[in-house]
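As annotated by TrEMBL, Mg(2+) binding site applies to D16, E18, D212. What TrEMBL lists as substrate binding site is S153, S154, K187.
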Amino acid sequence: MVVFSVPAEVAVILLDIEGTTTPITFVQDTLFPYIKDNVKEYLRMHWEEEECQEDVSLLRKQAEEDSKLDGVVPIPLETGNGEDEIERVIQAVVDNVCWQMSLDRKTTALKQLQGHMWRAAYATGRMKGEFFEDVVPAIRKWREAGMKVYIYSSGSVEAQKLLFGYSTEGDILELFDGHFDTKIGHKVESESYRRIATSIGCSANNILFLTDVTREANAAEEADMHVAVVVRPGNAGLTDDEKSYYNLITSFNELFLPLSN
């Protein structure tokens with residue numbers, strides 16, 4: 001087993017979710033298909049609610065910002081209250097959501113709606129969050145050793161809390177000191193990681209970031225964080241240069257914490 005010795009100055013472990021704590025198959029085969037299969041029904045059921053209207057307004061604003069992109073689906077304003085009019089707008093929202101998801105976009109507008117839909121699915125038991133078997137035991141050991149543990153994912157903070165709150169391991173939210181999403185910045189931008197360090201209240205070099213995406217690892221490294229790339233079943237392959245450059249782990253059990261922690 002390969003062992004990565006965590007530098008002595010590290011006091012915080014920052015975790016990605018997809019491909020790091022959670023199998024990509026859960027995201028691709030469960031979470032995202034649920035949105036596509038149920039978004040129209042969800043909108044029809046919740047259309048009159050303030051939260052749903054806020055989600056639609058945010059998606060409409062995003063569509064306006066995306067107006068020059070190929071294939072973008074604009075979302076018109078309602079000009080009346082008739083059922084046909086509402087159905088026309090709902091269909092535009094559905095088409096816009098499917099277009100964004102086809103491009104694997106990470107917009108806050110899309111993530112917010114997805115989070116609200118997943119909340120309903122988790123609460124009714126239609127789905128439960130899944131993790132690699134080494135994840136929860138390892139995080140418990142890190143916490144016992146005095147480490148703080150945070151999450152940074154492109155999924156909304158609400159979606160993250162649902163994943164960990166309604167999981168196959170039960171409610172494990174207590175294991176985390178905080179959550180970050182793209183509201184703090186995009187994951188491939190180094191400034192995002194500087195903001196996270198400031199928000200936590202430590203130096204960037206006090207943080208170890210675990211991710212399966214080398215572009216994210218590079219951005220974190222530019223911000224002076226320590227980085228290890230997680231190699232899991234189903235994750236994208238790495239180039240020979242990436243394999244030789246980055247610290248690689250295939251399990252959280254391969255992290256060795258110094259006695260000082």
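The backbone N, Cα and C atoms fix where each Cβ goes, glycine too.
Since the structure is predicted, the reported quantities are computational estimates derived from the model, not experimental observations.
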Task: Remaining residues near the recorded substrate site, that is with C-beta within 8 Å of the centroid of the site residues S153, S154, K187 - done: D16, I17, E18, K106, Y152, G155, D181, T182, E216
- [ ] Using a 10 Å cut-off, grab the number of neighbouring Cβ atoms around the Cβ of S154 (substrate binding site), all chains included.
- [x] 22
Task: Additional residues surrounding Mg(2+), by Cβ distance to the D16, E18, D212 centre under 8 Å - done: I17, G19, T20, T21, T22, I24, S153, T211, V213, E216, V230, N235
- [ ] Please work out the number of neighbouring Cβ atoms within 10 Å of the Cβ of K187 (substrate binding site), leaving out its own Cβ.
- [x] 23
- [ ] Provide the number of Cβ atoms within 10 Å of the Cβ of D212 (Mg(2+) binding site), excluding the reference atom itself.
- [x] 20
- [ ] Measure the Cβ-based neighbour count of S153 (substrate binding site), defined as the other Cβ atoms within 10 Å of its Cβ.
- [x] 24
